Amino acid sequence: MEFCPKCGAVMFPSEGKFKCQCGYEKDITDKLKDKYRVSEEVEAKETIIFTGDDVNTLPTTRVECPKCGNMEAFWWLQQTRRADESETRFFRCTRCKHTWREYD
């Protein structure tokens with residue numbers, strides 16, 4: 001694995017370069033190509049987020065529910081896109097249980 005010298009995050013290969021989510025890029029040299037190989041390609045899949053009331057153990061934050069106007073919601077982060085993209089922030093209203101998401 002290659003780590004970003006700027007922010008310390010894991011860098012991912014893309015288009016002949018290692019790319020970091022912070023924007024740093026490093027060319028993949030022939031020496032590095034010999035060091036790494038792709039062992040498996042995985043396709044993105046949909047996931048079920050919650051199936052019960054287990055959300056009640058999550059932290060809360062002050063944010064307005066777009067459905068009922070309540071000013072408190074549970075929140076959590078989940079990787080829903082490619083690994084080199086930022087996580088998605090989910091909210092669930094503490095009053096009406098409406099769930100919505102925010103992308104960075």
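Residue numbering: from 1, along the chain as shown.
In case you wondered, yes, glycine gets a Cβ from its N, Cα and C as well.
Going by Swiss-Prot, these are the annotated features:
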- 4-22: zinc finger (ZN_FING)
- CYS4, CYS7, CYS20, CYS22: Zn(2+) 1 binding site (BINDING)
- 61-101: zinc finger (ZN_FING)
- CYS65, CYS68, CYS93, CYS96: Zn(2+) 2 binding site (BINDING)
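Sequence features, as recorded in Swiss-Prot, placed on the structure.
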residue: CYS4; record: Zn(2+) 1 binding site; DSSP class: coil
residue: CYS20; record: Zn(2+) 1 binding site; DSSP class: coil
residue: CYS65; record: Zn(2+) 2 binding site; DSSP class: coil
residue: CYS93; record: Zn(2+) 2 binding site; DSSP class: strand
Inter-residue Cα distance where the pair is CYS22 (Zn(2+) 1 binding site) and CYS96 (Zn(2+) 2 binding site), in Å: 36
Extra residues within 8 Å (Cβ to Cβ centroid of CYS65, CYS68, CYS93, CYS96), Zn(2+) 2: PRO66, LYS67, GLY69, ASN70, ALA73, THR94, ARG95, LYS97, HIS98
Spatial neighbours of CYS68 (Zn(2+) 2 binding site) that are distant in sequence (at least 6 apart) but have CB under 8 A: CYS93, ARG95, CYS96, HIS98
Model confidence over the zinc finger (4-22) (mean pLDDT, whole number): 83
Between CYS65 (Zn(2+) 2 binding site) and CYS4 (Zn(2+) 1 binding site): CA-CA distance (Å): 37
Pairwise CA distance, CYS20 (Zn(2+) 1 binding site) versus CYS65 (Zn(2+) 2 binding site), rounded so that it is a whole Å: 33
CB contacts for CYS22 (Zn(2+) 1 binding site) [other CB atoms within 10 A, all chains]: 11
CYS65 (Zn(2+) 2 binding site) versus CYS7 (Zn(2+) 1 binding site) - Cα distance in angstrom: 33
Neighbours of CYS4, CYS7, CYS20, CYS22 excl. site residues, C-beta within 8 Å of centre, Zn(2+) 1: PRO5, LYS6, GLY8, ALA9, MET11, GLN21, GLY23, TYR24
